[in-house]
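Student: Below are the features listed in TrEMBL for this protein:
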TRANSMEM  37-57  transmembrane segment
TRANSMEM  89-106  transmembrane segment
TRANSMEM  113-132  transmembrane segment
TRANSMEM  165-182  transmembrane segment
TRANSMEM  188-211  transmembrane segment
TRANSMEM  218-239  transmembrane segment
TRANSMEM  277-297  transmembrane segment
TRANSMEM  332-352  transmembrane segment
TRANSMEM  364-387  transmembrane segment
TRANSMEM  394-415  transmembrane segment
Amino acid sequence: MAVKNSTSAHAKCSRKKAAASSSLIHKFMKNPKTTMALALLIIDSLLVSFIIAYVPYTKIDWDAYMSQVSGFLGGERDYKNLKGDTGPLVYPAGFLYVYSAIQYVTGGQVFPAQILFGILYIINLGIVLLIYVKTDVLPWWALILLCLSKRVHSIFVLRLFNDCFAMTLLHAAMGSILFGWWHLGLIIFSAAVLIKMNVLLYAPSLFILMLKAMSISGVISALAGAALVQIVLGLPFLLSFPIEYISRAFNLGRVFIHFWSVNFKFVPEPIFVSKEFAVSLLIAHLVLLVVFAHYKWCKHEGGLFKFLRSRISFCSITSGSAWPKTLKKEHIVTTMFVGNFIGIICARSLHYQFYSWYFYSLPHLLWITPFPTLLRVLIFVGIELCWNIFPSNLYSSLLLLCLHLLILCGLWYSMAENPYESNKSDSRKVK
């Protein structure tokens, strides 16, 4: 009798588990965004495999990367002496660690490295799709736009640029922050900066979000964790040749070659390389950041300056006042994507691999503008077209700037909503 009752209870438990599993599958399949995201991952995996197998690889920076890594593995710690056929090393220490691991795994051979980068592409796409699924901005069918870039596929599996690792880590940092893991997100963000400095374009908007979502002590500890990553991983160079490392790995004054620029190609080369042009773009960048922060990102708090005063005042530090609060996921993604996009517009030179810096943000940026859907798609196609014209010319670079400015205008006229979750959500702790 006892055995029969036990069998019956086991059967009931199995049926409940089966019913729960069936309910989860039904709920999963009922969400068109999730279903579309899964389908896109499978289809794009096949596409990437086809590209690696049949599209010829174009060697650009790979040999230079391997030369720089070989010098590092040979014991060289002076950044002046770490060079390749494209010039001296200009990336932070994280770049050397990543490509040293790649050289170890692949033996410096291109084909196995392409397979690794193909896997990286799918991982990055999966993280980006997760970000879009977690935010309620893009319609399910528009997720396909994230897989339609010929140039981005090329950047990942036919060029093997370090931008791919930097942006994958950046998207992983954003994903962590969306789940409320701010400290982890800042550590991953710092690791992304250690691979390529362009990630710092996200820093101003990220800092504002931190002030909104965390206590002052939380902000300080998160920034300390990010700084610790920079110090620990840069230690071999900071202890031996610190000036050479900092001046070359974090050089903000580099002048890029006019020929390779995708944007501002219509600007005459003497002006393009001038210090005055660089300073003008820097001023435009800072002004746009302040204007958007004041009138858009901090509008709900009464503007940027009122918000900053309220956060750094003695009372807010001691008592915590109304903070921390839980931010809406859409506000986090919008603020970070727009902050980066402003930096893209004001960048003096955008090389072809730099498209990966903001391509994945374009659908989100376009869908928060008040533009009709047809115009959004046309702008997206126009930008992709500009990035696939080689070499870029006066007309393609001018069109790219116009499309960027059109998006910026749309972002300015987009609706600024309450960035915070309800009181119920506010009770959750920031990790």
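Our numbering is plain: 1 for the first residue shown, then up by one each step along the chain.
A Cβ is built for glycine as well, from the same backbone N, Cα and C atoms used for every other residue.
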Student: Counting a contact as 3 or more Cβ pairs under 8 Å, with residues at least 6 apart in sequence, do the transmembrane segment (277-297) and the transmembrane segment (332-352) touch?
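Tutor: As far as Cβ distances go (cut-off 8 Å, pairs 6 or more apart), the transmembrane segment (277-297) and the transmembrane segment (332-352) touch.
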Student: Please work out which recorded stretch in 89-106, 165-182, 188-211, 218-239, 332-352 has the most C-beta pairs separated by under 8 angstroms from the transmembrane segment (394-415)?
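Tutor: Most contacts with the transmembrane segment (394-415): 332-352.
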Student: When you scan the chain for residues with a C-beta under 8 Å from the transmembrane segment (165-182), skipping those not six or more beyond its ends, what do you find?
Tutor: 98, 120, 123-124, 127-128, 130-131, 134-135, 188-189, 191-193, 195-196, 198-199, 202, 209-210, 213-214, 218, 222, 326, 329, 332-333, 336, 356-357, 360, 428-431
Student: Counting Cβ pairs under 8 Å that are 6 or more apart in sequence, does the total for the transmembrane segment (89-106) and the transmembrane segment (332-352) reach three or more?
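Tutor: No; fewer than 3 Cβ pairs under 8 Å.
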Student: Which sequence positions outside the transmembrane segment (188-211), separated from its termini by at least 6 residues, show Cβ-Cβ distances below 8 Å to it?
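Tutor: For the transmembrane segment (188-211), the nonlocal Cβ contacts are 91-95, 98, 162-163, 165-167, 169-170, 172-173, 176-177, 182, 218-219, 222-223, 225-227, 229-230, 233-234, 249-250, 252, 289, 293, 297-298, 304, 307-308, 311, 323, 327, 331-332, 335-336, 338-340, 343-344, 354, 357.
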